[in-house]
Amino acid sequence: MKPSIYGLSRSALTDWILENGEKKFRAAQIWDWLYRNRVQSFEEMTNLSKNLIAKLNETFVVNPLQQRIVQESKDGTVKYLFELPDGMLIETVLMRQHYGLSVCVTTQVGCNIGCTFCASGLIPKQRDLSSGEIVAQIMLVQRYFDERDQGERVSHIVVMGIGEPLDNYDNVMTFLRVVNDDKGLAIGARHITVSTSGLAPKIRDFAREGVQVNLAISLHAPNNDLRSSIMRINRKFPIEVLFEAIEDYIQMTNRRVTFEYIMLNEVNDGVQQAQELADLTKNIRKLSYINLIPYNPVSEHDQYSRSTPERVAAFYDRLKKNGVNCVVRQEHGTDIDAACGQLRSNTLKRDRAANRARIAAAKAKAGIGDSRA
Ligand code: SAH
Ligand code: SF4
C-alpha cells in the first residue's frame, strides 16, 4: 500500500525531491498544491513535469481516507466516519467554537490503555495511524468546508479522538509539524492540544521537542486507589510519577498544563475529592488549569452515569474556594453519537447487526433455523 504524501513534513518532502534528482523549489510547489490549493490528485499540480507527476503517483497517494458517514448536529458539530485503506474505521469530529473551527483527530485504531469509562478503549489497539492518515483527517474536514465555499478554515486541533497519542509518538509529532507548518495549513501551535492518559516518560520527551503545543492530562481521579481502578495506566505510572513528569514539563517548557476530569456520578465527584484534587495540584496552581467534563454515557459502561448538576456545582465551588483555575466544559453534538469512539463502535455494532440480519434472512430463505435471529 502506498503511503500518503500528507505524512511527509516539508523537510522530508524536500529530501525526497532532491533524492529524485529534482530541484528544491519543486517541493515548495507541491506543498503549496497540497495545503494552499488543497488539490486531490497529483495530476492537478499543473506546473510539475509529467515525469515528476508519474514518480509521485508511483510512490504516494494524496488522500488515504474514504468518507463513510457524516453526521451533522444541530449545534453545528460534524462527526465523520472514515475508512482507512485496510478497511478499518476511524472517527473525526468538527466542533464549532466561538473562537473558530476545532477538529478532534484520532491517532490509533482502538486503544490499549483501556480506561473503564471510555468507548475507544473497548476495542484493543489494532494499529497506529500513520502521520499521513492523521493529517488526512484535517484535510478532509477542511475539504468539507472548502466545498461549501464560505472561506471557513480549520483553526484549532485537539488530539483527543480514539487512541493514546503519546503511544504513537513519532507519527503524532510529524502530524503536528505538518499542520503547524507556516507555509501550509499554518495552524498555530497554541491552537493545538494533545491529550494524554499520562505516559510519564513520553511527557518528558514531548517537553524536549520545543513545540508550543498545549498538553492536556486525563487525570479523572485525585488519588492512586481511585485512579488505578478507573484507569489501569495509573498502575504503571502512578500519580507521583506522573506529577514529577508534569512538573519537569512545566519547568522545561514554561507552559501551563490542562487537567481533564470527567465527572462520574458518585465515583469521583465528591466534595472531599475536589479538596484532594485542589491539594494535589497546589504546587502548580498558577501553571495548571482544570477542565471538568460532563460524562458521555457509553452503553457498555453502564456502571457510570453523569454527575448531577448539584454535585458538579459543589465540586466546582470547592475547587474555586481553593483558588483553582477551572471550568465546566461545554458539550457538543449531544444529539449525534457524541462520545469519543461512539460513532465508530455504534457503526460497527450496526454493521454487525445488519450482517446478522442478512445471514438470518438468507438462512430463513434456505430453510435453516437460527435461534438467535
Ligand atoms: N487517550 C487520550 C486522548 C483521547 S481521549 C487521553 O485519554 O487523554 C480524550 C478525552 O476524552 C480524555 O480526557 C478522555 O478521558 C475523555 N473521554 C473518554 N471517554 C469519555 C466519555 N465517555 N465522556 C467524556 N469524556 C470521555
Ligand atoms: Fe484510550 Fe484515552 Fe479512551 Fe483511555 S480515555 S481508553 S487512553 S482513548
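From the backbone N, Cα and C atoms, a Cβ is placed for every residue, glycine too.
The shown structure was predicted, so the numbers you read here are calculated from the model rather than taken from an experiment.
Marked as active site, proton acceptor by TrEMBL: Glu91.
Among the features that TrEMBL reports, domain 'Radical SAM core' is placed at 97-335.
Other Cβ atoms within 10 Å of the Cβ of Cys115 ([4Fe-4S] cluster binding site), summed over all protein chains shown, number 20. Among the features that TrEMBL reports, [4Fe-4S] cluster binding site is placed at Cys111, Cys115, Cys118.
In three-state terms derived from DSSP, Ser195 (S-adenosyl-L-methionine binding site) belongs to an extended strand segment. Neighbour list (Ser195 (S-adenosyl-L-methionine binding site), Cβ cut-off 8 Å, at least 6 residues apart, same chain): Val158, Val159, Met160, Pro165, Ala216, Ile217, Ser218, Glu260. Residues annotated as S-adenosyl-L-methionine binding site in TrEMBL: Gly163, Glu164, Ser195, Ser218, Leu219, His220, Asn296.
Annotated active site, S-methylcysteine intermediate per TrEMBL: Cys340, in sequence order.
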Exercise. When the Cβ positions of the binding-site residues Cys115, Glu164, Ser195 are compared with the atoms of ligand 2, which fall under 6 Å?
Worked result: Cys115, Glu164
Seminar exercise, completed: A 10 Å Cα radius around Cys111 ([4Fe-4S] cluster binding site) captures, of the recorded positions Glu91, Gly163, Leu219, His220, Asn296, exactly Gly163
Exercise. Of the recorded positions Glu91, Cys115, Cys118, which one sits closest to Leu219 (S-adenosyl-L-methionine binding site) when you measure Cα to Cα?
Worked result: Cys115
Seminar exercise, completed: CA pair Gly163 (S-adenosyl-L-methionine binding site) / Glu91 (active site, proton acceptor), Å rounded to integer, equals 11
Exercise. Between the binding-site residues Ser218, Asn296, whose Cβ has more other Cβ atoms within 10 Å than any of the rest?
Worked result: Ser218
For this session: Round to a whole number and give the Cα-to-Cα distance in Å for the pair Cys118 ([4Fe-4S] cluster binding site) and Glu91 (active site, proton acceptor).
Result: 15
